Amino acid sequence: MAEDKEKKAKFCINDHIDILVEILKRLDGPSLGVAACVCRLWCSVTRNDSLWEHLCFRHVSSPPPSSVRPVVVALGGYRRLYMVCVRPVLSRLRLGGGDSDLVRRVWTRDEVQLSLSLFCVDYYERLDGRLGEASASSLMFLCKPVNV
Amino acid sequence: MAPPRYDSAISAASCSGSSSSSSSSCAAGKLTPPQEIDGLLADAGYKVRSSDLRQVAQRLERLETVMVNAPSEISQLATDAVHYNPSDIASWVDSLLSELSQPPLPLPSDLSDFSDLNYVDSLVGPAINPTVVNNEWTDLHAPQQQQTVPQLLTVVTAMEEDSGIRLVHMLMTCAEAVQRGDFPLAGSLIDEMQGLLTRVNTGCGIGKVAKHFIEALRRRVFTPQGLCSAAGGGAGSTNEYEFLYHHFYEACPYLKFAHFTANQAILEAFDGHDCVHVIDFNLMHGLQWPALIQALALRPGGPPLLRLTGIGPPSSDGRDSLREIGLRLNELARSVNVQFAFRGVAASRLEDVKPWMLQVSPKEAVAVNSIMQLHRLLGAPPSRNSPIEVVLAWIRSLNPKIVTVVEQEANHNQPEFLNRFTESLYYYSTMFDSLEACPLQPEKAVAEVYIQKEICNILCCEGAARLERHEPLAKWRTRLGEAGFRPLHLGSNAFKQASMLLTLFSAAGYCVEENEGCLTLGWHSRPLIAASAWEALPLPPLPDGSDPIRIINQNVL
């Protein structure tokens, strides 16, 4: 017992990355971003794409099929998917629905599919410099809300 | 020239009432300025004579002022007052005013002489009955009095609205003059309108629409026909057209709606097939296809072998832009492990494409995708070998699993200029309205140039140069039905996806509607673009038992 107390007193979360990851898995996007600013270790941990995969599909009613992961990775990864598509789509669709408890909202399969399609268009537009001046602007309409 | 037949112009196939009632307002088409009912207000259900507009507006203002200042007297209106039919605004307002013990203003002399611009400056009204309560009103409308500063804001707004209404009426009169061939009158009207434009805000609303239509009229009247460069026509303008198209794609959801809806239908049609071939009638930057490639990559059972044949105009600067787009799509497909093959067919006109160029194999499922291309084939008079008949015949000969057709929901192919003018005025007013909400610059400004080119093509070009020959969905239904196609209902998935896509566009005015299995996207209940899906009816075998598809292929070679 005394040994445990001694160990607890010297507990440092950075020695237990798996626990850190478990905790980070439960955060939302902005908090993950904040966590990335804590130190280099946390920065590299939060850049782990599986964390963002978890975040993207945390609230999907049924888990996505296994074929999704290679596609998302090929198109830029889950972190980019979240930043570029999932977060704006969710927030914009929430505004339409008027839900107050935003984070707990469950995705539907259609919303996931639409996000993936938009993500693919984004990847395609970035593929070439000729469209460069308008690169990723396909999704700019997601990021610039307008007061109507 | 015989007076125009407006009743024939009111297309029964028009999907919403608004566009047809506009034609009914220009019933007479005579030389004198019209005394008939104002078309714009008629759409809202109110009948007002065009010449009375200003007076009615003044009386409405007066009514509002009186009601605001004497609230206690209004309750009687609800109980024992007799009100005329409110659709006849002039007498309705008069009856209310008389209920509130205010005599109606006598109608001034006829102010419908459009060459007289001075009335805008003076806003001189008739003599007011001294029992008018409100001093502000008296100040505003006492004869020969300058507008005082406190009322300046109201005056400016009234003047702008006035100018806006006048602009619309002048546009209609000018269009009538053009139709009659009276170019001197049209020219002078154009000059006047350009002067009037300085008094309105051309950044939005009616000023912006008027600006574009005045420009189109100016080109029609002052520019010789030989300079008519169609939107997308001409060798040097391919890149320019792609640039405009791309910005139109970004600025508003119409093209995205078209792409996503067509993709959904194609995806469902390809279910269960391992070899699929998509023929795109207008590849542009290929923005439609990444989403389809991704959806095929993720479909249960794995992706099929996908072939894409992209048709597009030949590049002007020696680059093979079709091939470049193909390479980019190929790279995307490889990233997501979809077997992909691309073929580009360069043709400056769709009717120059022959089916053998597409190299369709019998064992693959074929999808033909036409986003706003079929209307460009309607230039020639209808006959057995008109371009549209030929193209529809060879589409059918390919035995496609699905044909996705997206077209503007408008009636811009009428032979008479004035009808086209009126229809396009309403259509593009709505479209400009929807564009207001776009927050992206420079996409919005460039999208307006794109729209301007369409307007100019509809109004300034004739014959083979006029490519923008939009027809409403009902006409396309008839045409495709006669060519041997059966409609496929776009399912609820397509509808859901379109609705979600629109929610992402933050402007709340867009609406998706279902129309007998087709989807339309519009702004405030005016559909602007319609998406439909078709499959080819099986051809009956010929009496001698030979294969009709083979015969058709030979005929169109």
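Sequential numbering from 1, following the chain as shown.
Keep in mind that glycine also has a Cβ here, set from the backbone N, Cα and C atoms.
Curation does not apply to TrEMBL; its annotations are automatic.
TrEMBL assigns the feature motif 'LXXLL motif' to residues B:374-378, out of the candidate ranges B:154-158, B:374-378, B:549-553. The range from B:56-60, B:186-190, B:276-280, B:461-465 that TrEMBL describes as motif 'VHIID' is residues B:276-280.
Checked against TrEMBL, the range among B:1-30, B:61-90, B:91-120 recorded as region 'Disordered' is B:1-30. When averaged over the region 'SAW' (B:460-535), pLDDT in the model lands at 90. With DSSP states grouped into helix (H, G, I), strand (E, B) and coil, the region 'PFYRE' (B:366-457) comes out at 49 helix, 13 strand, 30 coil. Listed by sequence, the residues of this chain that lie at least six past the ends of the region 'Leucine repeat II (LRII)' (B:324-356) yet keep a Cβ under 8 A from its Cβ atoms are 281, 283, 285-286, 289-290, 293-294, 296-297, 303-315, 373, 376-377, 387, 390-391, 394, 397-398, 553, 556-557.
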